[in-house]
């Protein structure tokens, strides 16, 4: 069974992330969205809320599972018996960091391959950071995120 992990902070999960998950679900038997705790990034949403939102966005995909994690990614991949890590590349600027990360993960878990997908053109400019900034300033985020995520962002910035 081909099991792929798609790791990230997903703060929040965007339509760009969803696009990659949909495509991965067609390529792999089982897709695990691994939501990283990432305390150093000081996420807007709690780990539990980010997991909940990712589950809502992907509930129509039977071979997709969403799990939170706070360990080393290579260790988590082994625990989940994954044979691949999936990363998205939006632009050339993402490549250098992702290349270093892939090489480090190869050293830590040589049995787990790193694979890259580029987003559909209509999502290539979307980032969680930009979505948070637009939401914080009261802008329209509906075109960038699932309705449940838009609701969560509006509620968060109302508080």
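Note: Cβ is positioned from N, Cα and C throughout, glycine not excepted.
Of the residues 79, 98, Swiss-Prot puts just one in the ATP site with 9, 10, 17, 88, 89, 90, 123, 124, 125, 126, 127, 128, 129: 98. For the pair formed by residue 41 (substrate binding site) and residue 89 (ATP binding site), distance between Cα atoms is given as 20 Å, rounded to the nearest Å. Taking only the Cα positions, the spacing between residue 73 (substrate binding site) and residue 9 (ATP binding site) is 12 angstrom. Across the binding-site residues listed here (17, 41), the residue whose Cβ sits among the most other Cβ atoms within 10 Å is 17.
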